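Student: Once you've had a glance at the structure underneath, I'll fire off some questions.
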Amino acid sequence: MRSAQVYRWQIPMDAGVVLRDRRLKTRDGLYVCLRDGEREGWGEISPLPGFSQETWEEAQTALLTWVNDWLQGSEGLPEMPSVAFGASCALAELTGVLPEAADYRAAPLCTGDPDDLVLRLADMPGEKIAKVKVGLYEAVRDGMVVNLLLEAIPDLHLRLDANRAWTPLKAQQFAKYVNPDYRARIAFLEEPCKTRDDSRAFARETGIAIAWDESLREADFTFEAEEGVRAVVIKPTLTGSLDKVREQVAAAHALGLTAVISSSIESSLGLTQLARIAAWLTPGTLPGLDTLHLMQAQQVRPWPGNALPCLKRDELERLL
């Protein structure tokens with residue numbers, strides 16, 4: 001016998017969270033909980049403002065329609081990426097497809113203070129990997145900060161994310177301030193330039209490896225082995241169903257590319273599922289999930305070891 005609940009929620013964010021020039025004061029989303037007999041499965045639907053095509057309200061309408069269809073016996077999935085992902089996660093839990101084992105390591109997000117990063121990395125098992133957002137300030141400053149971190153911590157590898165912020169000139173200004181001897185320890189730089197061609201040229205000219213992120217969601221993108229391209233960053237909330245995520249991971253691995261499962265600032269419930277997806281589909285690759293510290297609370301399922309308060313399901317607003 002099938003049954004379902006849908007919950008709507010809103011989590012206050014820390015004051016300094018800015019996405020594409022917009023301050024994110026709250027993270028808004030939905031949960032779906034599906035039941036079939038004794039089995040239960042949860043999924044999170046939280047479109048990311050400025051990145052997702054769909055709004056929270058559109059996702060809510062699509063989710064409620066899909067849940068009602070599912071209760072009538074339908075087996076399809078919604079079209080909207082965030083709704084497709086959340087619904088497919090709930091189904092994967094319900095049917096036991098999504099393994100329980102999780103990779104709760106997360107590449108720490110670094111603000112540029114090497115002393116702070118040294119402390120955070122000290123507790124990190126395995127290879128020392130951190131992530132730095134670049135492109136928010138002057139390219140020269142970014143280059144100096146990255147160089148300082150790599151110089152201060154000799155076994156550190158950095159993942160950098162520019163979100164297509166730079167012109168070719170700005171990208172070159174950044175590279176100029178990174179010692180060529182340290183560049184091999186830049187694991188990859190996500191989307192340095194506004195166009196893929198400019199990003200490819202940057203990789204060839206500087207020897208700094210790049211990764212595709214936004215490009216994966218563009219209609220003309222195809223997976224291919226290219227000089228200077230080392231990785232793809234997959235954000236399931238922006239990608240779509242679990243099957244689509246699996247297809248992208250498989251396509252990347254077939255070309256020898258690293259596939260990194262990455263957060264779209266989901267709640268703790270969604271992040272714990274992404275940690276399970278990472279352990280399942282990209283074992284051995286550190287996922288990019290260090291975003292819970294941007295929030296003021298956890299919900300339903302806490303992240304292991306995190307001290308933030310965790311709201312229970314009966315504290316959420318129920319829609320269905």
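Here the Cβ of each residue, glycine as well, is placed from N, Cα and C on the backbone.
What Swiss-Prot records for this protein is below:
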ACT_SITE  Lys133  active site, proton donor
ACT_SITE  Lys235  active site, proton acceptor
BINDING   Asp161, Glu190, Asp213  Mg(2+) binding site
Student: Can you name every residue in this chain, apart from Asp161, Glu190, Asp213, with its Cβ inside 8 Å of the center of the Cβ atoms of the recorded Mg(2+) site?
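Tutor: Not counting the recorded site residues, we get Arg159, Leu160, Ala162, Asn163, Leu189, Glu191, Ala211, Glu214, Val233.
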Student: Just to verify a number: CA distance, Lys133 (active site, proton donor) to Asp213 (Mg(2+) binding site), in angstrom, no decimals.
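Tutor: Approximately 14 Å lies between the Cα of Lys133 (active site, proton donor) and that of Asp213 (Mg(2+) binding site).
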Student: Can you tell me which binding-site residues out of Asp161, Glu190, Asp213 are within 10 A of Lys235 (active site, proton acceptor) by Cα, answering none if there aren't any?
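Tutor: Of Asp161, Glu190, Asp213, within range: Asp213.
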Student: Near the Cβ of Asp161 (Mg(2+) binding site), how many other Cβ atoms are there if near means within 10 Å?
Tutor: 22
Student: Under 8 Å Cβ-Cβ from Glu190 (Mg(2+) binding site), six or more apart in the same chain: what's there?
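Tutor: Non-local contacts for Glu190 (Mg(2+) binding site): Arg159, Leu160, Asp161, Ala162, Asn163, Ile210, Ala211, Trp212, Asp213, Val233.
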